[in-house]
Amino acid sequence: MAKRQLNRRQNWRIEKIQGERAARAAKRESATLETLEGGDLGPEQTGLVIAHFGVQVEVEAQEGEASGQVFRCHLRANLPALVTGDRVVWRAGNQGIGVIVAQLPRTTELRRPDSRGQLKPVAANVDLIVIVFAPMPEPHANLIDRYLVAAEHAGIRPLLLLNKADLIDEQNAPALNALLAVYRTLGYPVLEVSAHHGDGMQTLQSQLDGHISVFVGQSGVGKSSLVNSLLPETDTRVGPLSEVSGQGTHTTTTARLFHFPRGGDLIDSPGIREFGLGHVSRADVEAGFIEFNDLIGTCRFRDCKHDREPGCALLKGLEDGRVQQQRMNSYRSIIASLPQDSY
């Protein structure tokens, strides 16, 4: 069934109701926090945010006798927005409840615009972003390239992961092989696995060990199945592909951090159908296409838009084969989607 379009008044009413609910929840949270801080709280200690639930988070103790134990924590009002992967300072209260008093500096931050265009962090302290795609739903180079630009912009190393490799057949193999060849030529690490059959999963595990990783990709590519295969003790529901759209149905409802037995962590985040890049500039996008590095700045005109201008280094690179047409198409699509003031 097609998604019903809402008019401006309906959207306003929905936002008003959601705002009122959020205000009531914040008021209850403030009262609970006052009660906690008025009682006996333990000493300050470091912790790791492993899940976020509205106005509360789950924190894993990182030191002392409680190390490894998980506590549901309230947040002081003066704290910035916390996300899974954040390192924090917190104090334990009674009955497994605690209070977060400070956020520790982040080494990296993965952000994306929300529905209103406001930047929203989705994961912190990640050093490996695993871009997951599959034969079905059909992978799109433009979406993969958006993730790559986001990874380069955030300073996070990317890994391209083709899941459901068992679904490769004579019909889709040529297009998939051509797609993967582009990224392998650029030097990006590419793995082909099947979470369902277990093929390639040990190789994937070795790539994840020792890192804080996040899986990103559109719904239906098997992110939850990958988590279940890597960590069988977890309980991540797997959703089917929509028969109407051929895309996946969302299963994971909150970003959650899991530990690997041999070290390293995995953040499983909700499915993302489209990764907006409205928060980056033209220069950021150009830097995100690594094959452009030696070409940018060498065009005849300083304000070259890399479209039809004479003496354009990118167009010359396209002719010479240094730049692939698929990547140039993605670049132009991303640039066209940027706000005009990003130029």
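Each Cβ is built from the backbone N, Cα and C atoms, and glycine gets one as well.
Quantities reported herein were computed from a predicted structural model and do not represent experimental measurements.
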Residue in Cys73, Cys312 which Swiss-Prot records at the Zn(2+) site where Cys299, Cys304, His306 also bind: Cys312
Cβ neighbours of Gly217 (GTP binding site) where a neighbour is any other Cβ within 10 Å: 27
Those binding-site residues listed as Val221, Cys299, Cys304, Cys312, and which of them has the most Cβ atoms within 10 Å of its own Cβ: Val221
For the binding-site residues Asn163, Ser219, Ser225, the one whose C-beta sees the most other C-beta atoms within 10 angstroms: Asn163
Candidates Cys299, Cys304, His306, Cys312 (binding-site residues) - the one closest to Ala165 (GTP binding site) by CA: His306
Rounded distance in angstrom between the Cα atoms of Ser219 (GTP binding site) and His306 (Zn(2+) binding site): 33
Additional residues around Zn(2+), ordered along the sequence, whose Cβ is within 8 Å of the centroid of Cys299, Cys304, His306, Cys312: Arg300, Phe301, Lys305, Asp307, Glu309, Gly311, Ala313, Leu314, Leu315
